[in-house]
Amino acid sequence: MLPLVALVGRPNVGKSTIFNALTRTRDALVHDQPGVTRDRNYGVCRLDEQQPFIVVDTGGIAGDEEGLAGATARQARAAAGEADLVLFVVDGREGASSLDDEILAWLRKLARPTVLVINKIDGTDEESVRSEFSRYGFSDVVALSAAHRQGIDDLLEEVGARLPEEGAGELLDNDPARVRIAFVGRPNVGKSTLVNRLLGEERMIASEVPGTTRDSIAVDLERDGRQYRLIDTAGLRRRGKVEEAVEKFSAFKTLQAIEQCQVAVLMLDATEGVTDQDATILGAILDAGRALVVAINKWDGQSDYQRAQAEDLLSRKLGFVNWAEAVRISALHGSGMRELFQAIHRAHASATHEFSTSEVNQALEIAYETNPPPSIRGHVSKLRYVHPGGANPPTFIVHGTRLKVLPESYKRYLENFFRKRFKLVGTPVRFIFREGANPYEGKKNPLSDRQIARKRRLMRHVKGK
């Protein structure tokens, strides 16, 4: 499972700014006014691709246990209780306060691994700021300015050194022969009903009440000689609808399930079409780079007209993931199950395929000769060679020159070309473009004796004029 890092501190010390810097998003609202963040906000930090982790932003602890402030403080304490590592954030400009002292006393009772993060050090004397907070007795201290992204790398290094390695938890299975499938979607789209149908038993509680499933539950299945691990997840609601603390933890567990699966099955309700929340869940799957199958549930109850309307809506709303197969199913009556598994197999095979360097270079050469990159302001990108960069999703690292001016349209052309050539379906495809450093940059080219003599003759000729 991905480890969890919690940001904790009093109001307006910059926790949300740090959250946005780590997750490379603007999901957390940032404002100078204290108390903007009230609920827990989960995201994934992938700044270090070798060690991703889930980070949770919390509301400021204001010392008031009543009303909204008290609820916010309880949310922050719950997040710290879940965390593998706590980042205790303080304000370097304002210095230590009595409220910081209270939070520190509570953190010591909690006995979680904790790193002191001094934010807003820009425009201050860093040494004097560190000296002021030295009375807290932390051996691990990171000073940064999140608003200017100064010190974020130092924070990542400190977090990486303190985090536990990913464990082979309940959802994660190291058996390479077993396919890990996560069923995700909004509440009450039929995820538990589908898993029960596949298992042939009432293993999951299925109800018409949205939010029946509160945790991610993993069960093993053998079907047609293949091994699977099915992960039934809690429905992800819009953030404004997520109220109970247990539901917030369910959302966190669902994000973990997406990160740890190999194939994500996004379930849609044919009676409701594609909603904004469906698009948000799809975004989480794409961010994780997971293979994708779209399962449209309750298809059997639709008329021909309703089906035509649903097909048109799908093509418009999900056109940007046209590489993912869409399967029409009925979890309640069992129709479409074979087609669903066939789509899962194709997506899994594409996502985990191992490419050789020779075959991808041959593909790049053909793509380059068929359609060379266009000239941009007199500059033409040169694609030298490519090599595989990993699987799930398939990643290709392209080396060349002037790649910074390579148009996005040409990058899409390469993606589509590789998809078609290698028959990749149901999986994102990533390209990483790297420019080689010029080994002669900054070096003077020494002239030979003959070149020196020629230069002198030219200079005499110029002076003679």
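Each Cβ is built from the backbone N, Cα and C atoms, and glycine gets one as well.
The domain 'EngA-type G 1' annotation in Swiss-Prot covers 3-167. The GTP 1 binding site annotation in Swiss-Prot covers 9-16, 57-61, 119-122. If you look up Swiss-Prot, you'll see 179-352 marked as domain 'EngA-type G 2'. Per Swiss-Prot, GTP 2 binding site is recorded for 185-192, 232-236, 297-300, and the stated evidence type is sequence analysis. Summarising the annotation, Swiss-Prot assigns domain 'KH-like' to 353-437 and lists sequence analysis as the type of evidence.
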When distances run from the Cα of Ile61 (GTP 1 binding site) to each of the binding-site residues Gly185, Asn188, Lys191, Thr233, Trp299, the nearest one:
Thr233
Can you check what DSSP calls Lys191 (GTP 2 binding site), collapsed to helix, strand or coil?
helix
I'm trying to understand the geometry here, so how far is the Cα atom of Ile121 (GTP 1 binding site) from the Cα atom of Thr233 (GTP 2 binding site), in Å to the nearest whole number?
41
Helix, strand or coil for Gly9 (GTP 1 binding site)? Use DSSP.
coil
Can you tell me whether DSSP puts Thr233 (GTP 2 binding site) in helix, strand or coil?
coil
Under a three-state reading of DSSP, tell me whether Ile61 (GTP 1 binding site) is helix, strand or coil.
coil
Enter the number of other CB atoms within 10 angstroms of the CB of Asn12 (GTP 1 binding site).
19
Could you tell me the C-alpha distance between Trp299 (GTP 2 binding site) and Gly9 (GTP 1 binding site) in angstrom, no decimals?
48
Using a 10 Å cut-off on CB atoms, tell me which of the binding-site residues Thr58, Asn188, Thr233 is the least crowded.
Asn188
Closest of the binding-site residues to Gly9 (GTP 1 binding site), Cα to Cα, picking from Gly185, Asn188, Lys191, Thr233?
Thr233
Name the one residue among Asn12, Lys15, Thr58 whose Cα is closest in three-dimensional space to that of Gly185 (GTP 2 binding site); these are the binding-site residues.
Thr58
Please report how many Å separate the Cα atom of Thr58 (GTP 1 binding site) from that of Lys191 (GTP 2 binding site), as a whole number.
29
C-beta crowding around Lys15 (GTP 1 binding site), within 10 angstroms:
29
Measuring Cα to Cα, tell me the gap between Lys15 (GTP 1 binding site) and Asn188 (GTP 2 binding site) in whole angstrom.
34
